[in-house]
Amino acid sequence: RLLLKLFLPSFQDLFGVSMVVPLMNLHIKSLGASHTVAGIIGSLYGIMQLFSSTFVGCWSDIVGRRYSLLACILLSALGYFLLGTSPTVLLFALSRVPVGIFKHTLSISKALLSDLVSERDRPLVMGRFNAASSVGFILGPVVGGYLAESEDGFYQASFICASIFLLNAGLVWMLPWSEETTGNKGTDSFSSKANCDLHLKSGTNGAMASNSLFQSPWIQVATVLKRIKGIACSDLWDVFLVRLLMSVAILLYYSNFSLALEERFGVKALFSGYLLSYSSALGVLAGCLLGPITRLYQHNTYRLLLHSSTFTCTLIFLYASALSIWMVILSSTFLAFSTTIGRTCIIDLELTIGGNEASGTLLGVGQSVTSVGRIVAPLLSGIAQEFSPCGPPSLGVGLALVAILIMNANKQKYCSHGNVKLKNQ
């Protein structure tokens, strides 16, 4: 029941956000902004996410999950409330600032789940967490579309989203937080751990968390920078590089999806929308099946990541060389499974190698890496599309192959007698 209480805010989080985001471009154009200004505001949000995710994740390691999660939820609620009251382009842009800096609620929630469950059960729980979030992302645009049909629909969607974040803050506040850590992580099942009180602190650094909350902001900033430097100087560069390459490869697959299907097979955008919704629904199913899949692989995260990445690369190649729309449907069907599994495995590998004490920092750096991919992918897609509609996915195949080669080259680093090797703390 405790884990379900953590999954509910994640579902509501993406449900609320996905109501608003599809309507934002239409609203900002209705305020009189040009396409260029709309693009700049969208890029500004991505840049803020790029630089803030690592700092906020590391900050959650220092002050504890409870206070950092509540702060991010409340400040995100403020941002969406301001968005719902923005009659001008300038106020619209300003309302994106608190959301761009503090909308890391899902990352901190994942760090909290990592604190609660054993390493053996982490992929299973993360998969279910992602599935709950994805359900919200599927339902949110539908509700937002209905609201957009009414007068002031965007403002209504923004206020509903802000209210959902306030509700999430209440749910997080009412969780059974404990002032003491509940013990070190072991190999017991997550179900028994879930009956204990939540960790207020992270790993063995828990004793410092309550004191860190009242430290000088400058001391907190210095501690954050020190931890980020430690991550930057660690041997995790290859894991983050694999994450970047696979993220860009998948983004290239989706970058010109609707346009490419229209040019290659003559299908309309409505069909592309249905196909993307179908893939999202299968992604939810894949998240629920992660438990049996990890048991089949004997909890060897590295091998599962390698196989899922290879499968993803093959499916993108199948899409790029497809001669009929049925080949596209087939590749989309299995790609929903392979990408969901790969996304969960790369997070689990980061946490396993990086250690439990810095889970917030690791997840924050991972989010920053993904943000770099979101910035780079549209540029690469535009250049590749000048040559062919199949250019972006073909480039994605090449990047995925590089990621697979990097994983193979570092096989001994992650594997020892068939299991992932933990980094000594």
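Using N, Cα and C of the backbone, Cβ positions are placed for all residues, glycine too.
Feature annotations, reproduced from TrEMBL:
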{"type": "DOMAIN", "residues": "2-415", "note": "domain 'Major facilitator superfamily (MFS) profile'"}
{"type": "TRANSMEM", "residues": "36-56", "note": "transmembrane segment"}
{"type": "TRANSMEM", "residues": "68-94", "note": "transmembrane segment"}
{"type": "TRANSMEM", "residues": "129-148", "note": "transmembrane segment"}
{"type": "TRANSMEM", "residues": "154-175", "note": "transmembrane segment"}
{"type": "TRANSMEM", "residues": "236-255", "note": "transmembrane segment"}
{"type": "TRANSMEM", "residues": "275-294", "note": "transmembrane segment"}
{"type": "TRANSMEM", "residues": "315-337", "note": "transmembrane segment"}
Contacting positions for the transmembrane segment (129-148) when only residues 6+ beyond its ends and CB under 8 Å are counted: 6-8, 10-20, 22-23, 26, 106, 109-110, 113, 154, 156-157, 160, 277, 280-281, 283-288, 340, 343-344
Distal contacts, the transmembrane segment (68-94) - CB-CB under 8 A, six or more residues away: 9, 16, 20, 27-28, 31-33, 37, 41, 44, 56, 59-60, 100-105, 108-109, 112, 154-159, 161-163, 165-166, 168-169, 172-173, 360
Per-residue pLDDT averaged over the domain 'Major facilitator superfamily (MFS) profile' (2-415), given as an integer: 80
Paired segments the transmembrane segment (236-255) and the transmembrane segment (36-56) in contact, 3+ CB pairs under 8 A: no
